[in-house]
Structures are given as C-alpha cells and as structure tokens.
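Under the heading transmembrane segment, TrEMBL lists 12-30, 42-65, 71-93, 100-119, 139-161, 173-191, 203-226, 238-255, 267-289.
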Amino acid sequence: MINFYLQYEYWFAANQLFFAMLGMGATLAPKDFHEVIAEPKAFSVGIGTQLLAVPLVAFFFIYFGSFAASLTIGIALIAAIPGGTISNIFAHLAKGNTPLSISITAITTIGCLLTTPFILDVLVAEYLPQNFSMPVGKIALEIGVYLLMPLVLGMGIFRYLPKHAEPFARWCVRLSLLIIVFIVLGSLGAGRLNLALFGSENILILVCFFFVLAAVGHLIPRLFSLNQADRVAIEMEVVVRNVNLGLLVNASLFPATSTELAATGNIVLLALLLFGSMQLILGVILITINRRKANRSA
C-alpha cells in the first residue's frame, strides 16, 4: 500500500488540486469579478499584498536567515502560492467582503500561472541541488491543467447547471479533502512526516514566518484605511493559502521515488502541512473575533 502511494504520489497531489479547483469554480460566476471594477482600491491593495508583500517577507526571511535549503524552499513555496477556496469561506464566515475575497483569489490564481514559477525561481534557485534547474515551463503547464482548467470547467457547471452546482461543488471539495487524507496517511506510513527530523528549530522558524505573514495581512489594509469588511477579506487571503497547489508543486519538484530529492521533498511537505494546520487554527480565531465585532456594531 505504501509503495503504491509513493509510486503514484504525484497523481494523488494532482487530483486533490483538480477537484478542489473544480469545486471552487462551481461556486463562481463572471459577476464575481465585477469587484475588480467596483472596488479598485481594496482590490489593488489585496493583489499588491499577495504578489509583492508576501514574497518580500519570504525574501527577507531567506536572506537574513541561515536556514537549511529544504526549509528555505518550503518557505518560498508557501509565499509563491495564492489564497484558496477556504480563504473565501473564512472571509464569508468572518463577515468580510466575500466578493472581494473571491476576486482576489480568482485573479491571483490565474496569475500564478506566471507568478508561482517566477517567485520560486527568484527565491530558491540557488538552494536547489546541483544540476537541478527550476522547471518553470512544467510548473506553468501543471498549474494550467490542474488548477485553471478545472476552475473554468467548474464555472461552466455553475453557468449551465446552476441547480446542481452547489452539491457538485460540495462533493468535489469533500473528494479533494479525502485525497489529502490519503496523502497524509501515505506520507506517515512512508516515514515522510517526521517531526523529529524536521526539528524544533525549523518549527519555530515556520511559526515565526506564519505570524509575520499574519501581521502583514492585518496591517497593510489598515495603512490604506480600508473598511472592516475589506480588511477582513485581505487578511484571510494572506493567512489562508492554497496548500493544495503547494502539494502538487512539491510532488512535481521532489518526487518521493527519487532518492536524491525525496529528503528535500519530505521537509517541504511537512512545512506545507504544518502551515496549513496553523492557517486553519488562526482562521477560526479570526472568524470568532470578527463576528463578535460585527455583532457589536450591528
């Protein structure tokens, strides 16, 4: 069973992303993108925070820290991926501007076809093994096939089968989560999720990186005097990232079947899963805080 998982790890990662984005697409309509025109200031701040501020935070962590190459790659990958479906759900539950959250997610998701391989190439090219070149074209192709294509297909289902779109989206997300459970169990069985090997120092570094990102997402919208709903939406976009995409990129760059690259992939995988756990915990806390604020001001 473990050998089967290791042999097909890439396809597990590809399919969990495919179904997640198919489900997300089935909740979107073209009108959701009108926020770009209706709220240009908030949208611009959100895009700038995601595509400029977050990679800059990662750059300073990498530049001023003396981290192991594998952890450096993990931090860069987290910074290179956009927000995901969960950020939209969390923004809604926290009384944030949901259309703004959806617009930022959608545009950064489309843009990551170019931005993800570019950010990775800039931040971590020198930390990769010798004779290893960043497969920019391959990453872009995978994002197109497993992220953008299902997103468009899902939007088509929302457009032409509106009565079935909501249950379809729900089951797609459930299937994606089920595959992620298989990935975690398979990785545990193969010894890939070894906290002792990851080390307490790396955990502390990752926690610090996470909270600096959270602070950036909290402060930047306030510097631009955005309203409460817009601030919540942007904060969720920064904190809650598309770990699904990170899992695919990691499986593509560092396959478990490669003896030379698997050790690096193990650390990157654990960094992604730890970050994913932290973002869910903080997301729930932010939902609770912001709902109380909204109720008091109502």
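The backbone N, Cα and C atoms fix where each Cβ goes, and this holds for glycine too.
Worth saying up front: this structure is predicted, and the values here are computed from it rather than measured.
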Out of 12-30, 42-65, 71-93, 100-119, which stretch has the largest tally of CB pairs under 8 angstroms to the transmembrane segment (173-191)?
12-30
Can at least 3 Cβ pairs under 8 A be found between the transmembrane segment (267-289) and the transmembrane segment (71-93), with each pair 6 or more apart in sequence?
yes
Cβ pairs under 8 Å between the transmembrane segment (100-119) and the transmembrane segment (203-226), at least three:
no
Which one, 12-30, 42-65, 71-93, 238-255, has the most C-beta pairs under 8 Å toward the transmembrane segment (203-226)?
42-65
Looking at the stretches 42-65, 71-93, 139-161, 238-255, which one shares the most CB pairs under 8 Å with the transmembrane segment (12-30)?
139-161
